[in-house]
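> Next up is a structure, given as structure tokens.
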Amino acid sequence: MAMIELEFGRQNFHPLKKKSPLLLKLIAVVFAVLLFCEFLIYYLAIFQCNWPEVKTTASDGEQATREPVLKAMFLADTHLLGEVLGHWPDKLRREWQMERAFQTALWLLQPEVVFILGDIFDEGKWSTPEAWVNDVERFQKMFRHPSHVQLKVVAGNHDIGFHYEMNTYKVERFEKVFSSERLFSWKGINFVMVNSVALNGDGCGICSETEAELIEVSHRLNCSREQARGSSRCGPGPLLPMSAPVLLQHYPLYRRSDANCSGEDAAPPEERDIPFKENYDVLSREASQKLLRWFQPRLVLSGHTHSACEVHHGGRVPELSVPSFSWRNRNNPSFIMGSITPTDYTLSKCYLPREDVVLIIYCGMVGFLVVLTLTHFGLLASPFLAGLNLLRKRKTR
């Protein structure tokens, strides 16, 4: 009886023994692909990005001084999904992509300041107080950063609503989390952060208040320039750095369309000639002229279109539209790296992993697992064994 039981146990052991190596192989393949697609691919992509070189010596009469360089990252249109239109697979996939990309960029590139150019959230324009708190907590987890790294945010139309949806409650709710500062100065560099949604120009309360704040910032910047030239019209007070500011906003300055935009992350060719609507796709011509006149910026960075574009306003003021940071809006998201001094700057673009490449790798993994399983159970000849059999047949001829 004992011999029969032992023999029965041996017979059952062989199938288990046969299945165990297959299971281990399948687990190993899945683990390796997950590790690469969800972690290592971000290091592989961002490791290829380097801070652009910028001239760091400024001539002051006969003396040359070395200027400090600020390393700044610019990204836009993260569009964290909300409870109404968002569904959990989309949230999980796209938010994990942005979190891994951002955390990898922080670790590899070590920026000093990060600017996000609006549309942080997808449903801030209508989210309930409870949903808003949940969205903010997710944002703070995804875009967590060391205390020595500054994170600055400007409002977009999806954060506080388009002009006709915007109200004081939504603006104050946003500014309570992300600050209401309009001017940020560091290392002798001035950044003006504009609530471009409130530049409709129709005299609404929020619009008037926003314009008054921007005029005050413009006055302070101009006073610093004049006092540096020996003028005393502005009276006593702390001086701002006298360098021309960098303008940061969500809406681009006025342009007719993306017809003159080019590059792999520009708008698709069939969309480039579509005319833009003022105060919807871009700022109005009037608001754009005001900003250029008030601040005389040396550089403008904006978001909103989800695509890249470089234009020059008046033939001298460059504006760069920053593509979306999320796979939800682009197959090839990216961000801008800037090496900036008080008198000069250089920008470069860092591309994140392409979503279609990741999907192709996963599809390839599924196909490989199917072939491996069929081969293991003898339902499909192993390519290696098939090759050996072919060689044997040739030798016997």
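Yeah, the Cβs are placed from backbone N, Cα and C, and that goes for glycine too.
According to Swiss-Prot, the protein has these features:
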type	residues	note
TRANSMEM	27-47	transmembrane segment
BINDING	D77, D119, H250, H306	divalent metal cation 2 binding site
BINDING	D119, N157, H250, H304	divalent metal cation 1 binding site
TRANSMEM	357-377	transmembrane segment
MOTIF	393-397	motif 'Di-lysine motif'
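How about a rundown of where these features are and what they're close to?
Counted within 10 Å of its Cβ, the other Cβ atoms near D119 (divalent metal cation 2 binding site) come to 27, all protein chains included. DSSP assigns D119 (divalent metal cation 2 binding site) to coil in the three-state reduction, placing it in neither a helix nor a strand.
Take the CB of N157 (divalent metal cation 1 binding site) and look out to 10 A: across all protein chains shown you find 21 other CB atoms.
Averaged across the motif 'Di-lysine motif' (393-397), pLDDT for the predicted model comes to 62.
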> So which other residues, same chain and not among D119, N157, H250, H304, have a Cβ within 8 Å of the centroid of the Cβ atoms at the divalent metal cation 1 site?
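The answer, listed by sequence position, is A76, D77, L117, G118, A155, G156, H158, D159, S196, V197, Y251, G303.
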> Between D77 (divalent metal cation 2 binding site) and N157 (divalent metal cation 1 binding site), how far is it from one CA atom to the other, in Å?
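Cα to Cα, D77 (divalent metal cation 2 binding site) and N157 (divalent metal cation 1 binding site) are separated by 10 Å.
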> Write down the Cα-Cα distance for H250 (divalent metal cation 2 binding site) and H304 (divalent metal cation 1 binding site), rounded and given in Å.
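Here the two Cα atoms are 6 Å apart.
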> Sorted by position, what residues of the same chain at least six away from H250 (divalent metal cation 2 binding site) have a C-beta under 8 A from it?
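For H250 (divalent metal cation 2 binding site), the qualifying residues are A76, L117, G118, D119, V154, A155, G156, N157, S196, V197, S302, G303, H304.
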